[in-house]
Amino acid sequence: MEEGNQTGMVLFHFRPFSRLPEVQMLIFVVFLIMYLVSIGGNMSIVLTIWINRCLHTPMYFFLANLASLEIFYSSTIAPLTLASVLSTERTVVSLAGCGAQMFFFIFLGSADCILLAIMAYDRFVAICYPLRYTLIMSWHLCVQLALGSLFLGFILAMQLTVLIFRLPFCSSKEISLFYCDVLPVMRLACADTHVHEATLFVVSVIVLTIPFLLITLSYVFIVDAILKIRSAEGRHKAFSTCSSHVTVVLLQYGCTSLIYLCPSSSYSPERGQVVSVVYTFITPMLNPLIYSMRNRELKDALRKAVRRFLLLEKQ
């Protein structure tokens, strides 16, 4: 490997969280626990919804899709990050490897955000048009919406990743983050990136701003409909089905907006490091906990599944 060789093989490496091996080991243990909790929690939600026929409704169909996306999303980042943190030497990533990680990160993250907007629409129909809910939210439409989120995420990820990795990179570089994110990689290019930054902003608006506005509009109608419900029990039940979704939306959109909707000139690697930990490790871990604790039907189904498993173990 020759530094400064523009025609040579380009390799990247990640900036360590700390120069102290003890701190790196502590970070590794914490990240590993969060990753395992995330995978276990989201897998439990998927299996519980799949096993229980009473949960075979559009709301839980989208929730199972969200949990599945979280599993793959976490697995795009966590394994390489854990290997990098644990290694005493620099973990080197090839141009193709970095591009693949970035593609799946954008693809799954975009689909995740779009799916959250679809889930808000599902709650809007369920609460504002309860008598027409099954007619409007047919299984055919649900599958189309889920596939649509994946298709749009795929198209956006492919275009942005190809555009960025057509840039010239002078030599092996240190990425100021623990994975191949768009802005840190873009900063390593040896060419003007104004077009790429503008493209990233447009993609961010499509993935973050527009879905968030649709979610906000949906909840304006939802709150208005809930306030018209006469019984306190009915209002509480309606609010409880939405509270977990609102919490996840605020976590997901709040953190990602701090990075991707701010001017690229104001990007701070230190802030990016902290915020990225939240939406790549903490949020995927918290999502299944939020849904299982705030959703009575899912909570009961999880309890029954655990009891069945314990009974089988005793036999």
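Cβ from N, Cα, C; glycine included.
Per TrEMBL, the features are as follows:
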type	residues	note
TRANSMEM	25-50	transmembrane segment
DOMAIN	41-291	domain 'G-protein coupled receptors family 1 profile'
TRANSMEM	62-82	transmembrane segment
TRANSMEM	102-121	transmembrane segment
TRANSMEM	141-165	transmembrane segment
TRANSMEM	201-227	transmembrane segment
TRANSMEM	239-261	transmembrane segment
TRANSMEM	273-293	transmembrane segment
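Below 8 A, the CB atoms of the transmembrane segment (62-82) and the transmembrane segment (201-227) form no more than two pairs separated by six or more positions in the chain, fewer than 3 in all.
Computed over the domain 'G-protein coupled receptors family 1 profile' (41-291), the whole-number mean pLDDT of the model equals 89.
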